[in-house]
Amino acid sequence: ALLSANPVWTSDYAFMAIYAEKYTLGLYKSSTNAWSLVPGVEALEDTVHCKEFYVVNCQGNIFACDVTPPSHVMKLVVPYPQEYYYDSNCKKYIVESPGELLLVIRV
């Protein structure tokens with residue numbers, strides 16, 4: 001789970017969480033005071049906020065999530081490189097490094 005901004009500093013923030021057995025994405029927006037399901041991608045492993053929300057699924061694909069109303073759109077921004085070994089049992093993380101996002105795979 002993660003916040004887009006500190007609620008102490010601003011009243012306009014979003015809270016995103018991966019939940020349930022399908023590892024789907026839920027979004028709470030303070031502006032609407034409501035939870036919603038973000039459709040389009042399941043089997044999510046990690047999420048990060050770096051100017052916008054990003055998620056990685058169990059295949060290692062990275063998606064950007066547009067959380068502006070009225071709908072939430074998931075856009076594939078970095079497909080998992082096919083030339084690398086793939087193991088769905090390896091945990092995937094998105095890590096923010098100064099100015100960049102990195103995909104880290106724990107083997």
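One is the number of the first residue shown, and numbering goes on along the chain from there.
Cβ atoms are placed via backbone N, Cα and C, with glycine included.
Feature annotations, reproduced from TrEMBL:
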type	residues	note
DOMAIN	2-106	domain 'KIB1-4 beta-propeller'
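Break the domain 'KIB1-4 beta-propeller' (2-106) down by DSSP state and the numbers are 0 helix, 55 strand, 50 coil. Taken as a whole, the domain 'KIB1-4 beta-propeller' (2-106) shows an average pLDDT of 86 in this prediction.
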